[in-house]
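These come from Swiss-Prot:
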| type | residues | note |
| --- | --- | --- |
| TRANSMEM | 32-52 | transmembrane segment |
| TRANSMEM | 61-81 | transmembrane segment |
| TRANSMEM | 110-130 | transmembrane segment |
| TRANSMEM | 143-163 | transmembrane segment |
| TRANSMEM | 178-198 | transmembrane segment |
| TRANSMEM | 206-226 | transmembrane segment |
| TRANSMEM | 274-294 | transmembrane segment |
| TRANSMEM | 305-325 | transmembrane segment |
| TRANSMEM | 346-366 | transmembrane segment |
| TRANSMEM | 373-393 | transmembrane segment |
| TRANSMEM | 417-439 | transmembrane segment |
| TRANSMEM | 446-468 | transmembrane segment |
Amino acid sequence: MEDKIQSDDFTSHKNPTLPQVIEELKELWAMVLPITAMNCLVYVRAVVSVLFLGRLGSLELAGGALSIGFTNITGYSVMVGLASGLEPVCSQAYGSKNWDLLTLSLHRMVVILLMASLPISLLWINLGPIMLFMGQNPEITATAAEYCLYALPDLLTNTLLQPLRVYLRSQRVTKPMMWCTLAAVAFHVPLNYWLVMVKHWGVPGVAIASVVTNLIMVVLLVGYVWVSGMLQKRVSGDGDGGSTTMVAVVAQSSSVMELVGGLGPLMRVAVPSCLGICLEWWWYEIVIVMGGYLENPKLAVAATGILIQTTSLMYTVPMALAGCVSARVGNELGAGRPYKARLAANVALACAFVVGALNVAWTVILKERWAGLFTGYEPLKVLVASVMPIVGLCELGNCPQTTGCGILRGTGRPAVGAHVNLGSFYFVGTPVAVGLAFWLKIGFSGLWFGLLSAQAACVVSILYAVLARTDWEGEAVKAMRLTSLEMRKVGQDEESSLLLLDDEKLGDVL
């Protein structure tokens, strides 16, 4: 009977019905909406920091903006990228009910991020000499270096915050993350006001407020995991008859040799994930730099700043879709349901195209009004409005390609996304942007046509990799190898957790 049930699981949803599609839609958006809200709150926190920097003066705003850009490129993008390497491991471990691997992977990622924070901190400490070497204004550089120095503790908070987010999302725990983020961001505004306007700490006050806000998020998330008993429930078998005590598992999981011994395999997943995210993230910063070489650099850089803020806001939905579909795909593969994983991927891609189309619509219809929200300076307003439809078209490609990258991470293939981003953004987008903006003298819009070409190449490549090059049954076998065959014996026989796949596929793994 057990063989029959697991065989049915393996082939379930092979030909999905409409009710199954609707069920998947509900399950996906039950995760996506809280994560989108959380992303929007994080976006609001960043805007609040910039607003308080602006209250201090133009020098402080310029220095803070320079430092924020530098920390994003050298620090936060790396932290987020490495932490995303947890997605296939944790989601597939959760799907296969390998609670030990789930928790141990979280510990390993914290160690990896702690190691990564050391060279990053050296870069942040030496921001001043680096910027002066690159020819930046000394006054702006001094302000940026001051902000960066006081933001250093945020590296430590992110070594816990980023892995915790992936760890919880992989287990479909999304609403608590939203509420914890809301509580932390609610403190962000009064904290900035108190440090900047009352205590007159200036730029350091803005940096410290951001650090404290992230620290509050970490404390709340750790508190939730502890109070909810999630960790104890997971490692004790979650009511499935596991006889392992929490003490025994924690004792084994804390083994230094065991912890360090698994860093290599996790790094092999984390590094490509990091490259895939960073390559795209960094390209937007390159656009800002290229804007500084146009005929009217001040106008171009100002317009670029507004447009990147706009794309960051629009990115909150596809980023949530990517993270949640990664968890859904990983969960189903880990549970031995490859066709349900395929359904989750297809439903998420369909949603991504709808979101992209909505972005095209509003950027065309509301382009003048949106530009007017940021500036009353007519030349800047006209420039931003003229490029808004191009940005909308970019999102038509960005939404499905970001979601597709999430699917690839869920299947444990982040290297494919990294290769696609490298080729699309740097071997397609950059030459097109430079050629149109500088050689053909199209100017500012040429840079964004470069982004459009990059997104077009990226979405075609990602969709091909997901829709045409994914062997879902094979990915289920790989998920079994990743989770079941790596499970340590903790009070039960390893073989009891192996998925009962067909003999040929199981034989290939064993």
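These residue numbers are counts, starting from 1, taken along the chain as shown.
Cβ from N, Cα, C; glycine included.
Counting residues 6+ beyond its ends, the transmembrane segment (346-366) has Cβ neighbours under 8 Å at 21, 24-25, 28-29, 32, 314, 317-318, 321, 324-325, 328, 388-389, 391-393, 395-400, 402-404, 406-407, 463, 466-467 in the same chain.
In this chain, the transmembrane segment (274-294) lies in contact with the transmembrane segment (61-81); the count of Cβ pairs under 8 Å, excluding pairs fewer than 6 apart in sequence, is at least 3. The recorded stretches the transmembrane segment (373-393) and the transmembrane segment (274-294) do not share 3+ CB pairs below 8 A when only pairs 6 or more apart in sequence are counted, and are therefore not in contact. The stretch from 143-163, 206-226, 274-294, 417-439 with the most CB pairs below 8 A to the transmembrane segment (32-52) is 206-226. Only residues 6 or more beyond the boundaries of the transmembrane segment (417-439), in the same chain, are considered here, and those with a CB under 8 A from a CB of the stretch are 272-273, 275-276, 279-280, 283, 286-287, 290, 293-294, 401, 404-405, 408-409, 445-451, 453-455, 457-458, 461-462, 465. Put simply, of 178-198, 206-226, 274-294, 305-325, 446-468, the stretch with the most CB pairs closer than 8 A to the transmembrane segment (143-163) is 206-226. Of the ranges 206-226, 274-294, 446-468, the one with the most Cβ pairs under 8 Å to the transmembrane segment (178-198) is 206-226.
Distant neighbours of the transmembrane segment (274-294): 69, 72-73, 77-78, 80-82, 84-85, 300-301, 303-305, 308, 311, 405, 414-415, 417-418, 420-422, 425-426, 429-430, 433-434, 437-438, 443-444, 447-448, 450-451, 454; these residues of the same chain sit at least 6 beyond its ends, with a Cβ under 8 Å from one of its Cβ atoms.
Residues 283, 287, 290-291, 304, 307, 345, 349, 387, 390-391, 393-394, 396-398, 400-401, 404-405, 407-408, 413, 416-417, 420-421, 423-425, 428-438, 440 of the same chain lie 6 or more positions beyond the ends of the transmembrane segment (446-468) yet place their CB under 8 Å from a CB of it.
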